[in-house]
Amino acid sequence: PCTSKPCLNGGTCSVDKNSFKCKCPTPYSGNTCEKDPCSSKPCLNGGTCSILKDSFKCNCPTNYSGNTCEKDPCSSKPCLNGGTCSVDKNSFKCNCPTPFSGNSCEKDPCSSKPCLNGGTCRLEKKNFKCDCLPQYQGNKCEI
């Protein structure tokens, strides 16, 4: 049964009763050593698989990481203040709820410190409101 050289990838054939048995070198497996670590397509998100001496390695596309490229740009939860993350090409995009803005929804209307003369800024619905010291008034405590 071994004369037809049924063992692939450097496997050694031995006769086992009326059949054959393959002893496969690492990292190959299967009845005829036909399976390699990349056979199961372990790399996700467009990653390419390379066979190593005793396992495999995934080469991940830009912005993807992890042993099997399972971590995408949204894995680190980059969107703040209730923003929702989506993968856009090889990067992330945050959809920010009102009144937040910025790449990671990090900016709100108070970020620019719009209140003058010691006024305190607070978010109110979709905008900001300034709480002014007693001697000041106006939308931004400017008067």
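Even glycines carry a Cβ here, placed using N, Cα and C.
A TrEMBL annotation is a machine prediction, not a hand-curated record.
Positions annotated as domain 'EGF-like' by TrEMBL: 1-31 (among others). Away from its own ends, the domain 'EGF-like' (1-31) comes close to residues 37, 51-56 of its chain (Cβ-Cβ under 8 Å, at least six residues beyond either end).
Feature annotation from TrEMBL assigns domain 'EGF-like' to 34-70 (among others). Same-chain residues lying 6 or more positions outside the domain 'EGF-like' (34-70) and placing a CB less than 8 Å from one of its CB atoms are 8-9, 26-28, 90-92.
Here TrEMBL flags CYS60-CYS69 (among others) as disulfide bond. Note: CYS69 (disulfide bond) has non-local neighbours CYS43, LEU44, ASN45, GLY46, GLY47, CYS58, CYS60, PRO61, i.e. same-chain residues 6+ apart with C-beta under 8 A of its own C-beta.
According to TrEMBL, the domain 'EGF-like' annotation covers 71-103 (among others). Using a Cβ-Cβ cut-off under 8 Å and counting only residues 6 or more beyond its ends in the same chain, the domain 'EGF-like' (71-103) has close neighbours at 45, 61-65, 109, 123, 125-128.
Feature annotation from TrEMBL assigns domain 'EGF-like' to 106-142 (among others). If one looks beyond the domain 'EGF-like' (106-142) by at least 6 residues along the same chain, the residues whose Cβ comes under 8 Å of a Cβ in the stretch are 80-81, 98-100.
According to TrEMBL, the feature disulfide bond maps to CYS132-CYS141 (among others). If you take the C-beta of CYS132 (disulfide bond) and look for same-chain residues 6 or more apart in sequence within under 8 angstroms, you find CYS115, ASN117, GLY119, GLY138, CYS141.
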